[in-house]
Amino acid sequence: MDLAVGPGAAGPSNVPAFLTKLWTLVSDPDTDALICWSPSGNSFHVFDQGQFAKEVLPKYFKHNNMASFVRQLNMYGFRKVVHIEQGGLVKPERDDTEFQHPCFLRGQEQLLENIKRKVTSVSTLKSEDIKIRQDSVTRLLTDVQLMKGKQECMDSKLLAMKHENEALWREVASLRQKHAQQQKVVNKLIQFLISLVQSNRILGVKRKIPLMLSDSNSAHSVPKYGRQYSLEHVHGPGPYSAPSPAYSSSSLYSSDAVTSSGPIISDITELAPTSPLASPGRSIDERPLSSSTLVRVKQEPPSPPHSPRVLEASPGRPSSMDTPLSPTAFIDSILRESEPTPAASNTAPMDTTGAQAPALPTPSTPEKCLSVACLDKNELSDHLDAMDSNLDNLQTMLTSHGFSVDTSALLDLFSPSVTMPDMSLPDLDSSLASIQELLSPQEPPRPIEAENSNPDSGKQLVHYTAQPLFLLDPDAVDTGSSELPVLFELGESSYFSEGDDYTDDPTISLLTGTEPHKAKDPTVS
């Protein structure tokens, strides 16, 4: 017990308690069997560590763990001394462990103050470690700042690209809208060009002709291009007189005009069975009246941009106007060319004053006279509806389907080098043969005296829907087609004799292709 108290009383006060206890433990002679000084006094030996931990350590320390005792020695700078025999392969016979410290010497207790714990060295290592870590953290922060700057740059670029993408989408939408508008404009231009091409190929009328749906008591104004011309050969000598104001509307539709022979083309405004039309360029004194045969004309499909025309056929013998011809019977008679039609025969003549003339030889089959062709309202309305539906279908095709137009093809339409088969024009020979066949077998030829004996012959009106005249050169027309109007070939055929002079008649010059040179009539607007 004194040994335990002794160490607390001995030694200086600034020596650590572990060192004081260790000095007392080593210097105690009662424990020399387990712990004691070395013979030199520079170190101490610990024998039988197990027994030492069980019997000695609990007396001086709060534990009996040999490892903790060795760790405490290392903290104060004690080192384990290793001998040569302990480093061999043979285990030593005695368990002996020696520890030494330069300041822990036998008989020199005052040197215990120099023994310190290794706190300073540990703090130095920690500071160096902290400095190294600080450098690493600084480098990491620098790298993070660089990455942050690059990330901000990428964000700005992405934002700019997003704005540019939105601007591009808006521009694409605007361009699509403009493209749609331009496509509509192009479609309208194509329709306009097609209408121009059709108007250049077809002789147009300046204004629409009113429909003959009902009789009208008041006569309408005469069209600008309404004029009369004959389709048959004029017998007898005598040229046409010079054109006069007879082409005006007042003289053309006057009841006092002189009656002449030959088919007349004009506009029918009302039914006038007792008022025949006048021939524009002749008088009774200049030319005798001649008879003509009834003209059967096939009804061709009308051209959509123009109104139908009406042909007035004037046979040499006047006929009675008792039974008008219905359009259905007239069309059936046209289809049956070989069969006699009720409208092909002529009856007793009747002049404008109602006096009966001597009867002339007539065909064996009695036929009714050809009166004014009365248009059926239902048939005409059906025809107009069909035309409207065709125009609507064409407009739908042009507007709904996108297509491209070759400008060279449009320019070729105006070029004089274009061939007629490309334009699908009708056949001249077949059409001319058909009209001559219709003109010739109607009645046998009569002498000129019989024609002159009937000065006052009436006219019969024939409903005729003609194709509009094409403004083309007859010399350049290809006769291989099958649908061209027969009026082209009249100027080249032998229908007119070479001795007759028709240069003064504008209608004949229109058929022959020669334009008469005359001053413009001031009455024609």
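Cβ coordinates come from backbone N, Cα and C, glycine included.
When the ranges 165-173, 408-416, 462-470 are checked against Swiss-Prot, the one recorded as motif '9aaTAD' is 408-416. For the residues SER279, SER303, the entry in Swiss-Prot flags phosphoserine at a single position: SER303. In Swiss-Prot, the feature phosphoserine is attached to one residue out of SER244, SER307, namely SER307. For LYS80 (N6-acetyllysine), the number of other Cβ atoms no farther than 10 Å from its own Cβ, over all displayed protein chains, is 13. Averaged across the region 'D domain' (203-224), the predicted model reaches a pLDDT of 52. Separating the Cα atoms of LYS150 (N6-acetyllysine) and LYS131 (SUMO2 cross-link) is a whole-number distance of 29 Å. Its own atom aside, the Cβ of LYS131 (SUMO2 cross-link) has 10 Cβ atoms within 10 angstroms in the protein chains shown.
LYS80 (N6-acetyllysine) is 112 Å away from LYS188 (N6-acetyllysine) when you measure Cα to Cα.
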